[in-house]
Amino acid sequence: MVKVTVCGAAGGIGQPLSLMLKMNPYINELSLFDVVNVPGVGTDLSHIDTDTKVSYHLKSDDNNTGLSQALKDSNFVIIPAGVPRKPGMTRDDLFKINAGICSELATGIAETCPDATVLVISNPVNSTVPVFAEVFKKKGIFNPRKLFGVTTLDSVRANTFISEVATNEADKAPSAFNIRVVGGHSGETIVPLFSVCAPHVYALEDEKKIDALVHRVQYGGDEVVQAKNGAGSATLSMAYAGYKFLHAVLAASTGDTTIIESSYVYLDDSIPGAKETKEIIKGLYGGESLDYFAMPVVLSKEGIKEIKSDILSRVNNKEKELLKICCKTLAGNIAKGASFSQ
Ligand code: NAD
Ligand code: LMR
């Protein structure tokens, strides 16, 4: 029996994500949690004639039994709870309010379903994932193989945007690409590795075109925030990306050992490839190494099986420079998240 809980299920991401999860063959029970509107969303989804059973739970006024009922026996928890950006804001501006929400949800998970695999969408991901890790450490249940910051939208954008540059010349579709994006999930911490994983695209022989493409991936979120003009940030493309990542994690949990996806993870020395990743980052950055980094990871039944550190040793000089800039900002983001609960 596989139970998946969505925290923030009534939101802009939560609703389309829950719709897709209701259609996922791996999931037996879909549990929806939110502070508002979730009875309507849950009732609506429950009329769909797929086999996945739907339950819904509102945050309750007492000691949050709504949350513990939602989380009870969950194997996977995906979290698009929290406030989104408006034009003129950075993801970091969301930290104070979203870190509080994440801390509360992390406590609920630690107390109710400590073995669950946790996928964090709430921004700023660079800092909210450390918030989860610190709560889990305090509760003595932290398993670094089962905590994921969802950065899939960066790869999704990189695949789409490079295909737009390539289409005129090489007739490439987005599905022809699988661009790995490493680092973090905000602005200059987002580092797409076009030199390592793109099939040859003639347009990218032009330095200016590469620079523009990298910038578009790094600031793709701003494009959506500006276009929505005060009505929030990416929801539909994020629901797709969150679904894509969770589907990969679910497929791996059934025994498929061939799945590699990028995610923002804790570089715990016990995970093969983590030490090597930290060493390479340290060499590039010149400062302390970082404890968290988005990297391609091999998924398995037990969560992360291996971190594919080798990708960092194949980057070109331009990407090395991008990684240096990324590390500087990311170090501050990580420290902010890690110190939140102290
Ligand atoms: P939204 O406001 O539409 O939805 C958020 C939902 O969270 C709401 O329904 C709200 O009631 C709920 N919520 C608030 N506090 C809660 C709590 N304590 N427990 C449970 N639910 C709670 O926002 P959205 O557009 O869906 O975005 C959600 C978050 O995802 C934002 O922080 C946004 O920045 C982030 N995001 C991340 C990525 C990514 O790539 N990781 C992409 C897009 C958006
Ligand atoms: C995104 O990349 O679209 C999200 O992180 C939302 C945002 O604030 O840009």
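Any Cβ shown, glycine's included, is placed from N, Cα and C.
From the candidate list Asn28, Asn37, Asn123, Asn126, the residue TrEMBL records in the substrate site shared with Arg85, Arg91, Arg157 is Asn123. Going by what TrEMBL states, the NAD(+) site holds Gly8, Ala9, Ala10, Gly11, Gly12, Ile13, Gly14, Asp34, Ile121, Ser122, Asn123, Met238, and the candidate of Asn64, Asn98, Asn143, Asn159 recorded there is Asn98. Ligand 1 lies under 6 Å from the Cβ of Gly12, Asn123, out of the binding-site residues Gly12, Asn123, Arg157. For Gly12 (NAD(+) binding site) paired with Arg85 (substrate binding site), the C-alpha to C-alpha distance reads 12 Å. Annotated pair Arg157 (substrate binding site) and Ser122 (NAD(+) binding site), C-alpha to C-alpha distance, rounded: 18 Å. Note: the Cα of Asn98 (NAD(+) binding site) and the Cα of Arg91 (substrate binding site) are spaced 10 Å from each other.
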